[in-house]
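Step one of this worksheet: look at the structure below.
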Amino acid sequence: MRTPIIAGNWKMNKNPKETQEFLDGIKGKLAESGVEAIIGAPAIDLSTLVAGAEGSPLKTAAENSYFEDEGAFTGETSPKALSEMGLDYVIIGHSERRQYFKETDEDINKKAHAILKNNMLPIICCGETLEQREAGKAEEWVTGQIENAVKGISAADLVKSVIAYEPIWAIGTGKTATADQAQEMAHVIREKIASLYDQDTADKVRILYGGSVKPANVKELMAKEDIDGGLVGGASMDPESFLALVNYQN
Ligand code: 13P
């Protein structure tokens, strides 16, 4: 009953021309997979992305936004403006933003509220470091991140939102968490949502796995009960690879 998602996160890659080339590469090839296909692109590429996605099943995501709609915040991106441009989703709390740009759980919670208020949906990222995993602290850390991120969000809003579990040690390293490790944490996250809300809400929210997802391992990950999709960096940048991910069932 949960529609699967394949969401690309291009990170700080591609310019508008390369974005258009990607869109040309997937044009007319997305229909009928039963999978919700999303591309998250840098702010500078979003006009091209939204224009190219129009009239196609492709959904669009920004990789970040600020939590205020407008004002004296030099260099930030307004969630209101993103919504007016036609963006569907905003990725928030990615480990790279937490690590390099010092985003806190509180920032991420404010961003989630701002995104929902502006009629877009957050893709809320969480994940532990290798150190935390080895110390047996991964579950406590990740469920804490989720609890803080969803504070004050209604069940009605949460069921439309997306959670992405991305163990930091698996991002861009080629080291995928095993499908069992990914499933285990996705299940823990769903149980946390059930305890914070209720079982019905937990059963509806979509939980993605991210970290070295590629066409060769996507099927095994997607077969797991609590994994509803992938948040994909490297393997989402090439049209053929992205299409292979979206069509993982074939
Ligand atoms: P890779 O798929 O390149 O490991 O990146 C994962 C990621 O961080 C997606 O948000």
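Cβ coordinates come from backbone N, Cα and C, glycine included.
If you look up TrEMBL, you'll see Asn9, Trp10, Lys11, Gly172, Ser212, Gly233, Gly234 marked as substrate binding site. Following the DSSP three-state reduction, the secondary structure of Trp10 (substrate binding site) is coil.
Per TrEMBL, active site, electrophile is recorded for His94. Its own atom aside, the Cβ of His94 (active site, electrophile) has 28 Cβ atoms within 10 angstroms in the protein chains shown.
Cβ-based neighbour count (10 Å, all protein chains) for Glu166 (active site, proton acceptor) stands at 29. Glu166 (active site, proton acceptor) falls within neither a helix nor a strand when secondary structure is assigned with DSSP, and so counts as coil. The feature active site, proton acceptor is assigned by TrEMBL to Glu166.
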Rounded distance in angstrom between the Cα atoms of Ser212 (substrate binding site) and Glu166 (active site, proton acceptor): 9
Spatial neighbours, same chain, of Gly234 (substrate binding site) - Cβ under 8 Å, 6+ residues apart: Gly172, Ser212, Lys214
Other CB atoms within 10 A, centred on Gly172 (substrate binding site): 12
Fewest other Cβ within 10 angstroms of its own Cβ, chosen from the binding-site residues Asn9, Ser212: Ser212
Neighbours of His94 (active site, electrophile) among the recorded positions Trp10, Glu166, Gly233 (Cα to Cα, within 10 Å): Glu166
Cα distance (Å, whole number) from Glu166 (active site, proton acceptor) to Lys11 (substrate binding site): 14
